[in-house]
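The feature signal peptide is assigned by Swiss-Prot to 1-22, with sequence analysis given as support. Taken from Swiss-Prot, the feature topological domain 'Extracellular' applies to 23-1875. Look at Swiss-Prot and you will find N107, N203, N1113, N1177, N1611, N1620, N1662, N1737, N1743, N1812, N1852, N1873 (among others) tagged as N-linked glycosylation site. The domain 'EGF-like' annotation in Swiss-Prot covers 423-460. The feature disulfide bond is assigned by Swiss-Prot to C433-C448, C450-C459. Residues or ranges marked as domain 'VWFA' in Swiss-Prot: 514-699. The annotation transmembrane segment is assigned in Swiss-Prot to 1876-1896 on the grounds of sequence analysis. Summarising the annotation, Swiss-Prot assigns topological domain 'Cytoplasmic' to 1897-1946.
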Amino acid sequence: MNNLFKFLFVLLAIFCPPISDLVVSHGVPQQHITIIKFTTNFAFRTTFYKTSSSSIVIGEKITLGTLTFGDGSSTSVRASVTSFDTKNDWFFGQFIFTKTYTALTPNNSKQYLAMFTSCCRISTLLNNKDADWNITSSVYLDNKNWPSVNHSPVSGMLPIVQVIANKNNNFRVIASDPNVDDKLSFSFSTVYPMTQPSGMKINSTGHVFFLPTSVGLYSTQIYITDDAVPPAYAVVDFILESITEPGKCDPSCSNGGATCNGNSECKNCANAGSTTSNTCSTTNYPPYFVSPTPQDNQLIPFTVGQPNSITLSCKSDYTTRTVGIQAANVPAGAAIAEGTSSQGTVKNILSWTPVAANVGVYVTSIFCYDSNGLTSSSRSFTIFIAKPECGNGHKDPSTGKCKCDGDKWDPTSNCFDCSTGYYGQNCDPTPPCDKGIPNEGILGDGKCMCINGYSGDKCDVPLSQSCKDLKNSILLSTSVPSFFVNPTKVQLYIESDFALTTSLNIPQKLTKIDVFVLVDVNVASSTLFGVVQSSISTFVTEVSKSICETTQFGIGYFSDASSSGFNFAPGSIIGSNIVNTINGYAVSSYTSTSSGNSLLGATNAASNSNGWNSGSFKAIVVLTDKDHSSNSAAITNFVNTYISNSIAPVVVGFGASSIPNWNSAISTADFGYSTVSAATSIDISAKAVAGLKSVLSNVVYKTDNTTNGASFVKSTPSDVAVSSTADTVKTVSGLVLTKPSATSIVSPVASVSAIGFGQTDFSINYNRPPTPTGTAFSVNQNSFATFKLTGTDPDFNILTFAFTTFLTSDVGVITDSNNKDVSTQKSKYYDSTETFTFTPAINYLLPISVSFVANDGCLNSTTSATVSITINKVNQLPTCQQKTISPTLNVANKFVLSASDFEDATPFIQFTSPTDLTAYGTLTFGGVAVTSTSKIPTSSEITFTQTVNPTNAIDVPVSFQAVDSVGAISTSTCTLTVKLVHTNIKPVSSSTSPISVIPRGSVSLTLVSTDSDSTSAKFTIKSVNKGAKGDFYTCSTNDCTCNSTQTNIYTSISTTTTYTSISYTNKVANKLICFTNGEPSAISNYASISFTSTDNQGLESDSVNVVVNIVGNRTNVAPVVTKIQGYSVYQDYLDSDAHVVTGTDADIDDYNPPNVNNLIAIITTPPSNGILVTLQNGSIAATQGKAPFTHYYRPNPGFKGTDSYSYQVVDTFKAGSSIESTTVTVNPINHKPSVVVSSYSFTSQSGDGETQDLVTSDPDGDSVICSVVSIPSQIGMYDSDGNLIESVPTVLSGTSYSFKLLDPSKITPTPFTSVSSSFAVKCTDVTTKTIPFGTLSTGVVTANVQYTYINTPPTTQGGTVQLDQDTVKVFTFNGSDIETPKDDIKVKILSLPINGQLLINATGVALTTTNIASETYNLNALSYKPNAGLSNWNTIDQQSPLDSISYTVIDQQGLTSDSDIVYFSVRPRNPPVYTGARVIDVLQNTRYPLTITSRIGGGGSEVNIQVIGFTNNGTLSIAHNMGSEGTMDSEITSYPNQQSGSTSYNYAYMPPRNKYGNDFDFIYFKLFDGDLYSELYTVTVNVIHVNQPPTIELVSYKILDGVSSEVLFENTSLINMNINTTVLIKYSGNDIDVDQVTPLISMIPNFPLRGSLYAYNPTASNSSGAPITRNSSNVEQNADGFYYVVFVPSKKTSGESYARITFIMTDNGGLNSPIVGVLINVNTVNIAPFVIIGNKNYTTQTNLTASVMGVQFDDPDSTTNNVSIVVSIVGQKDDKVASLKDIKLSFTQSPMCEYHQTLASITCIGPKKPLNSSIVSISVIASTAGDYRLKLFVDDLGYNAPSAIRAQSHLNATGYVDVKVNAPEATTQTTNNKTVLTGAIAGAAAGTALIAAAAWKLLRKAAPPTDTFFSEAAFLGDGVNANPLYEQSASAAENPLYQSASDNTD
């Protein structure tokens, strides 16, 4: 078994760290009691895994088997090599695995049994050889006591511990416990049955005492447990190597000093003849450990993060020897620096700088060895690494927290785990990871886990590309150098026809050929089958000689018997000795009929797992004597099966004239070989060898049509001839793959087979059309939105997209990134990165959709997808229209301002600063003055009355806004432009009236026109009443000095007279006219004249009438004007004091009426910078009037300084006074500043609000300071510095301010709504003026602020949902919206998954396209269910997400998010798949090698098997292939039974003897991968009836002597009969076959040499019928169903083993039973002995000797042989032997006799003559009177019977002599002596058995060694009646010769 798996040592320890001990990587679930760390240590033979013991390296990973966890899950064990020993050929490995068990319910506990088990132990073990090993440990989970965790013990031993044979050895098993207070206890393991070494003991402290009695290997397993409750345990399993202690040859020997194991190995020694000297001395001391090597069981603490070292030192007392140290179970990461041996000493240094992850207990074992092969005892010590407070750091005393050693350690984990960006035990920097997530953390491996669409170590290789960029390419190929055909596996992409070359590498000398022979076991005769058996032997020999000597063979059978045939049954797998297999095959029947199933058998054989070797040429040789009769479908299946398995068929029809059907099938296949042969072993073998050579000579390529990608194979290579003289190394062309024109196969797989030589499997990728992904989004009314087109491609090609439908302009427009309308580029394809902008038509609200297709560079998608657009209705802000009006001064001007709103038919108008207009007049609506808060319905009349006439035309802008019904204000401000023009004020005409003129006198009068806005005037005379003698005239001299006679200068005035171009000076134009009259006396109202004045702009004043009175006739005195003293007024203020122009007139008394002041005051020069008005608040200019003429001075606006005006008084005679002037000083005052505050509106989408400015002004140029005196509600107002204004008043540092909305979710009463509010500002100037007042303010100015909340669309982010295959996963869409509670957000599905379903959680109903078109769902309302059996494994790269959907989320207001995608990553959960047969046909009484074949499930990693149950009619075993030692079956005795670590598992099924039938047994099993279990598979076992040979049973025999009874044979086949007798032999024949309906034929195959046989005739006198001879050997069945023969020995002959008679049965199938025989002893007759008694009665007295004479015996047929006699004194009833206390007897001579010690009995053995001499005189003396009998018992010991029955053939005889003993007469008493004697005899009863025993011992002593005797057990009873010495022969009553002697014998 050198090539077999050698298990040396396994230790399984469970380390259950508390939560603080665990170091977890990023993403690992939180630590818990259910997280268990397993540490397993293994030692195995290095050369089982490696080519040499030195080819292994530290750190190498080696797969060893499977560790099961007790919960149905397991993991593959890949141990990391930690140490090795090249000399002893072992390595030590460690495997650490962290297992998470199912969470426990509160206050609960659970126990699991972890196990590492397999077969087989090394076969050279002295105990437990070839047995399974079972290494276990218990896991106890208890969350009641968490985090107090009981850790299992930890131990370590050398894999092989050497001990000295036949000496006491003592060593210690070392173990430690992480729970340092736990006490450990050691014992032999009883966890699993095993045999511990004999002579080995272990105490509870771990001390082992071992005295091995043999040299060799022992295995042991030690159980180590702690004292916790419940306890935790571990086992350590290791090997003890018992060796002979080596010695040294004596120096006197020729090889003195050499190592020896015994004296014989020391040659030519001088002291060889000495009887006391030992030429091989064992005083040879091994090396030993010296200080500072740690002591056994020493605990050595190591510190995390610091270098630690241990010195190991070994010494030998022999300085010339080289010594070394071997260590085992060295912790991973620790290193041993080996020193150089010098002077018999060596030092090694074990060094280790442990990291935090190494916290724990480590037991390391060491031993010394020297160059002479001596080893020290092993020593073990414990390294204990305590958990530091700060793993890879230290505690900072200033903070009390952990400070890590560098940035790579994470302080939040107390420096036990890596920081982000680091991985592994040393927290190395993670490699670059471009498009992925690095596997970080202390348990991470640093690998980059790519996101979908990327690959490569750095995840920087995009998987996507354009189809047009792809060419035919091989993505991956696998070549196996040892295979004939390469590559074996190819993954490729096909765009068009692709020619692929393969290679052949067939050596001239083939070394790998597998041949499976399929034998037809239904042949015409046993002779022909014998030929077939011989041909197999010849075939194997010839193939090995002429083709390949390393060919491996297997064999199987089929039977074409018409009634009981079968298609296929395996015999033995490839690599077996098929010659032995076929020679051991028992044929059930021989028939010449055939069912023609040979082709079906060949198909089944090719489908079976026959143990083919990888890389071998595979052939099946079919040997059949009949042609097949299968139909075309079966032939097609045959061809496909051989192609798919790459097997070459060779068919030999032996003994058949032709096999045309087989020839046709091989021709159809176009490969293989068929021929016929003669029915001889030589020809059959020759034809089979020729066929094998034929299929080996040519490589035929065929496509496997059973694969789903067979249509992709366009052509296969042509046949290739295999060279017989050289290696066939060739590149083969002709294999062309193509893409079928129309295919939808997902992941096609094709296979091309080089028949027999191997095959190439193709995983094919090809371009498939992409799928566009619909999207949906929403856009706000009159806004815009951007979107992209998306899609998926199964081949990850880069996609472009094209629209297939387009929008019309009345709906909206879609533009690309270049702002081009896509509808104008209808054939354009856009990249996936293109961003489109959709702008809906103004106020368009209906849903919109457009369609598009995806293109992968080669193909358009077969369907289009839709972009669905929802336009969200948003409250549109109203708009207003500009307006211009041109009012008329002092005229009510009515106008209408226009505004519009999408929602409101009648929005409102609101002026933002109406004071801008009211400075020029009044602004009213409905009779009420308009303010900034007035809301005026649109289309309503507004009235403006201009009251201020500007000097020049000006445009007054007045801002206003539109406001809708919800208070939303238009974003833009409109302007009402009021065009104010200067209104020409008509002049005011005036003149003094009446005027007086003296009779015949003249008087002047002045036509006055006052006008403030004209430059010249025209006076028009409207009427003239001259009076009778009067005239109105003018003089060209501008005075009244001319008269009518002076016509040249005198002009009379008439109604047509006008005076033009009279300039205004100081707003006054004057025209002097004159009146003259000729009346002599005064006349009142004498004349009159009326006139108007017209300014140069055409306005005419009212008409003024001047009346002329003719008065008096006297001399007038001019009046005197009163001077007004200078005064002062305040700027911009009307003088509050009245001033009067008046005067005095000297001749006032001349007036009529007298004393009336008729003076006229005239303002001759008005003020230049102000006006004089007649009323304090009036507007009528004061020009003249009756004196006293009151007036007020009003300075012009803004004027300050001095002004003056002049004045005079005129009397009624127009006599004017002098003109006086008065100076007015206008003192400056402080003016009120002004501020313009605009209303403001902003939205939630316009940011936080723009900065606004106050427009301030001050007429005096003073600085203006503004304060906010009221703030808006729910809208934050910020000052010039950006600080929130929280209290009022607040002074602004500048004139700017801004607004921000406070938290929109806190708007009341409804969050996320619009807010209308107002704020107020008050500004003051900065002045030094105090009179008449100081600082002035603008007053409170209020403005509106409008915040319009525009609903924000929700947001979402796609993701990946992880779930397992064939499960349903409830998931939640990612969706958020600031306005909408999460529970109210809905999701709209845009596309359904392709490979699964979306289900409604509440109902389980699957969504359809109809559902998703109209319905929305809660974010958590759906679940995903993949289609059955589908997972990521079914994608092109077998790892991409299986499915995806596109979706969008919708808020409460109907706004939708951008669409996104949810991917469904379905973890493959494909259990392993059983690929073998579900029904097996097993031949009756035949072992069936059952191989459970399987394949790893898609995405899986391993295949394990668990046999669940078995119906147990037959026997199911695990078949262990022991290589050259054959196969060993170990019966499965309990279920479930589990195996791991392969994809095929070998079992053996054996039906019970002679049982058969369909559905005979059922084998139930599951395959599993980790915790993933397959369906329950059932293999149905049909046990096929095979004709069984009949059997013979010997029943009985009877001696035909008339008296003998029938004797059953029972357990013997021996007949004892006497000489000259006849025996009748009875036997039966049986056949279990139900088809055996006729009686079996019985024959006598071998006749006895002596005696005669006869048929049985019960009617004959001697029962003998016809003689049975060699020519007539049949024995007919009797009517009772039995067979009888009569045997008659030859007369007068006898002897042991006299004759042997054999019988055989033959069934109707021609099968013979095993031969059964009887052995007959013909014995001579043993003659019974007899007793001769002379005197039968004697009388004597007590204490007197009586001599009994004449007692003799004879045995007629005894001469010199021994006989036995017993002479005893018994009672009258012969029931008890008398005691020696009562009576004694003796012989005159007794050399052959033995006296009983307590009873009156003598036993003698010897020939009869000396015995008779001994009893010639028998002395009897009694001390007790009574009636006695002397008894002689004779036994001939059966010596004349055959020795075999001697013990049963004893004959005997008995004789009696009555002896009456009387008491002396003098002492005679009346008491009955018989009674006394009876009591004496009764007292002696206990001794009877002793007498018999003594007799037996004597007999045995005298018996010859070869004699057979009864055993001592015969004498163990209480009485003698059961003793054969005391019984008559059973034959004595049947034959007079055997009659025993009686009392009357003479």
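Cβ atoms are placed via backbone N, Cα and C, with glycine included.
Feature annotations (Swiss-Prot) mapped to structure.
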residue : record                      : Cβ contacts under 8 Å, 6 or more apart
N203    : N-linked glycosylation site : F186, F209
C433    : disulfide bond              : C448, K458, C459
N1177   : N-linked glycosylation site : L1134
N1611   : N-linked glycosylation site : none
N1620   : N-linked glycosylation site : P1689, K1691, K1692
N1662   : N-linked glycosylation site : L1600, T1622, V1686
N1737   : N-linked glycosylation site : V1857, D1858, K1860
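Summarising the environment of C459 (disulfide bond), the number of other Cβ atoms within 10 Å of its Cβ, over all protein chains shown, is 21. Distance from the CA of N1812 (N-linked glycosylation site) to the CA of N1852 (N-linked glycosylation site) is 15 Å. Across the domain 'EGF-like' (423-460), DSSP assigns 0 helix, 12 strand, 26 coil.
Most buried of the glycosylation sites N1812, N1852, judged by other Cβ atoms within 10 Å, is N1852. If you take the C-beta of N1743 (N-linked glycosylation site) and look for same-chain residues 6 or more apart in sequence within under 8 angstroms, you find I1821, A1822, S1823. DSSP assigns N1737 (N-linked glycosylation site) to a strand in the three-state reduction.
Averaged across the domain 'EGF-like' (423-460), pLDDT in this predicted model comes to 77. All protein chains shown were included, and the count of other CB atoms within 10 Å of the CB of C448 (disulfide bond) stands at 22. DSSP gives N1852 (N-linked glycosylation site) a strand state. According to DSSP, N203 (N-linked glycosylation site) is assigned to coil rather than to any helix or strand.
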